[in-house]
Each structure stands twice: as C-alpha cells, then as structure tokens.
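Student: Right, I'll just put the structure down here and ask away after.
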Amino acid sequence: MRKLSFLDRVIEELDSYARFTKAPLNPSKKSPSSDTIDGKLSEVEKKHSAGLMRVDYTGEICAQGLYRGQASVAKSPQTKEHLYHAAAEEYDHLAWCGERLQELGARPSLLNPFWYWASFGIGAVAGSISDGLSYGFVVETEKQVMKHLDSHLKSLPMNDNRSREILKQMYIDESEHAVEAEKAGGKKLPKTVKAIMKLQSKVMTTLAYRF
C-alpha cells in the first residue's frame, strides 16, 4: 500500500471537510427525534432552540476537526483507528443537529470553517506530542460537550421535544466516548490547558448561538 504524501493527506482532509459540511448529511443511525412530535413553539422559542442547536452543531464540527487532526499524526495504528472511529460516531450527531436546524428554519454558524480548522490544528499539535495526550484531549473535550448538553437540556423550551431527544442521546454517546478514551490511556491535562479549552469553548458557544 502506497504511503500517503503530505499533499495526499491535505487533499484527503479537504475532501472529508467538504463531505461532512454539505447538506443533507447521511447519518448511519436515524435521528432520536424521528418518532417524536413537537409541541407548539412560539417564534421566540423557536429562535432560542435554533441558537442552542447551532451551538451543538458547531461543537460537533469542532469534534470532527479535533479528532481528525489527532488521527492524522497519531503514533500508533490503534490510536489512529480509535480516533477515526470516534469522528465517524460524532458524524451522526452532526447530521442530527443539522437536520433539526433545518426543521427550525435556521442555518449552521457562519464561523464553522474557522472552528473546524482551528480544532484540526489543535488536534494535530496534541497528537504529535503523544497518543496519551491525544486521548486526554478527547476526554476533556467530551466532558465539556456534556456540560453544554446538560445546560441546553435545561434551557430548551418545554415543548421542543424533538431537540430534547437528540441532545439526550448525544449526552449518552459523549459519556461513552469519554470513558473509552480514558480506558485507552488518556492523560490528565494540565489545569492551564483545561482553562484555555474552556475559554475557547465559551467564545465558540457565544458566537455560534448568534452567528
């Protein structure tokens, strides 16, 4: 099998980015909201739900970038496979959030290209240091995503049943991903790194909700 050159890998990543940012996405599992009926939402409630789901969509864009960036420089084939598998599972979440945004008459964040490639760069730097650090980033990322999901579940309008079902399933999946990464040897990140990640997350959620 021919070893991919740097240019080959760049083209491969550009192709992957184009595929999962193109609507409609095709998840491997149907949306958890498929059999759920919404209550009546006011325009204000619909706008708020759309803002929350836009944040969650962008969070999944960041996860794709981080995991693919880590996988691109992973030290071992096992780590590379683990990360690409995690990215594939997160793709379903991306598709579910994208579908829900369309139902709410909203669009994804205009800043998603920036967040994807910024996350890809962070992932590549972490992955180039060690696989243990790479898994540590996965653990911390999933924990932060779970906090967002928990707050969004509490903030969703009472009648937004479809969004709620999606976020509940995402929370379960993210929890499993964090446990798997810890078992794979994820190292505990320094407090400074965690603080920077939280700050980046705060900026992302604030901007994605509005734009």
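Please read every residue number as a count from 1 along the shown chain.
Just so you know, glycine gets a Cβ as well, placed from its N, Cα and C.
Pulled the feature table from Swiss-Prot, pasting it below:
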BINDING   Glu60, Glu90, His93, Glu174  Fe cation 1 binding site
BINDING   Glu90, Glu142, Glu174, His177  Fe cation 2 binding site
Student: Quick check for the class: what is the C-alpha distance, in angstrom and rounded, between Glu90 (Fe cation 1 binding site) and His177 (Fe cation 2 binding site)?
Tutor: 10
Student: State the count of C-beta atoms found within 10 angstroms of the C-beta of Glu60 (Fe cation 1 binding site), not counting that atom itself.
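Tutor: A count of 24.
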Student: Counting Cβ neighbours within 10 Å across all chains shown, tell me which of the binding-site residues His93, His177 comes out on top.
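Tutor: Comparing the binding-site residues His93, His177, the most crowded Cβ belongs to His93.
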Student: Which are the residues of the chain, Glu90, Glu142, Glu174, His177 excluded, whose CB is within 8 A of where the CB atoms of the Fe cation 2 site average out, their centroid?
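Tutor: For the Fe cation 2 site the neighbour list reads Ala63, Ala86, Glu89, His93, Val138, Thr141, Val145, Met146, Asp173, Ser175, Glu176, Ala178.
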Student: For Glu174 (Fe cation 1 binding site), write down the residues of its own chain that are at least 6 apart in sequence and whose Cβ falls under 8 Å from its Cβ; none is a fine answer.
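Tutor: Residues satisfying the criterion: Glu142, Val145, Met146, Leu149.
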Student: Counting across all protein chains shown, how many other Cβ atoms sit within 10 Å of the Cβ of Glu90 (Fe cation 1 binding site)?
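Tutor: Looking across every protein chain shown, the total is 26.
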Student: Express the distance between the Cα positions of His177 (Fe cation 2 binding site) and Glu60 (Fe cation 1 binding site) as a whole number of Å.
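Tutor: About 13 Å separate the Cα atoms of these two residues.
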Student: Relative to the mean position of the Cβ atoms of Glu60, Glu90, His93, Glu174, the recorded Fe cation 1 site, which additional same-chain residues have Cβ within 8 Å?
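Tutor: Result: Gly59, Ala63, Glu89, Tyr91, Asp92, Leu94, Val145, Met170, Asp173.
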